[in-house]
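Participant: Okay, handing you the structure first.
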Amino acid sequence: MTLKIITDPNPTLRKKADLIEHPLSAGIQALIPNLIKTMHNDKGIGIAAPQVGESIRLIVINIKDGPLVLINPKIVAKSIRKEVEEEGCLSVPGVFGMVKRYKKVKVAAVDQKGEKMTMAGEGLLARVLQHEIDHLNGILFTDKIIRKTTDKAHGEKVL
């Protein structure tokens, strides 16, 4: 089932999401495929549970091998180097901007099977991991914009 994506200024997007105590619970396991469908339907590269009104620490990222499910993800290491790239967000439609993020990150999480895991991401994957984990902490990419690039709601390119 495709879920409704909530948009800013919905207060759920600004709340720190709760830890998931039981990753294998029926509710969590039922939410995961719905998050994946919603992400694909809305052509997202990633989605966090708070974006569909669920204030829990769950994200899904669309990688080349298929959807990656991360429960209670936490950045445990990051590079010194940062890079600035354009970002957008399903919860902030029509707005895009340049955001500075770490070039590489290492994330610890629990996978969909309830197993502890760590993974490293670089470039776009690192950016998406940071963006989605920010959602779990009540942070939107608009809080980090260095320079707005487009406001598609008004059809304007910002120079």
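The backbone N, Cα and C atoms fix where each Cβ goes, glycine too.
Values in this document were obtained by computation on a predicted structure and should not be read as measured data.
Annotation source TrEMBL lists Fe cation binding site at CYS89, HIS131, HIS135. As annotated by TrEMBL, active site applies to GLU132.
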Participant: Provide, as an integer number of angstrom, the distance between the C-alpha atoms of GLU132 (active site) and CYS89 (Fe cation binding site).
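Facilitator: It is 10 Å, counting Cα to Cα.
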Participant: Tell me the Cβ contacts of CYS89 (Fe cation binding site) under 8 Å, same chain only and six or more apart in sequence, or just say none.
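Facilitator: The list for CYS89 (Fe cation binding site) reads VAL95, HIS131, LEU140, PHE141, THR142, given in order along the sequence.
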Participant: Does DSSP give HIS131 (Fe cation binding site) helix, strand or coil?
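Facilitator: Its secondary structure by DSSP: helix.
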Participant: Using the recorded Fe cation site (CYS89, HIS131, HIS135) as reference, state which further residues of the same chain have their Cβ within 8 Å of the centre of those residues' Cβ atoms, listed in sequence order.
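Facilitator: Those within range, site residues removed, are GLY46, ALA48, GLN51, GLU87, LEU90, SER91, GLU132, ASP134, LEU140, PHE141.
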Participant: Tell me the Cβ contacts of HIS135 (Fe cation binding site) under 8 Å, same chain only and six or more apart in sequence, or just say none.
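Facilitator: The list for HIS135 (Fe cation binding site) reads LEU13, ALA17, ALA48, PRO50, GLN51, ILE59, SER91, given in order along the sequence.
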Participant: Among all the protein chains here, how many other CB atoms are within 10 A of the CB of HIS131 (Fe cation binding site)?
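Facilitator: Step by step: centre on the Cβ of HIS131 (Fe cation binding site), count other Cβ atoms within 10 Å, giving 23.
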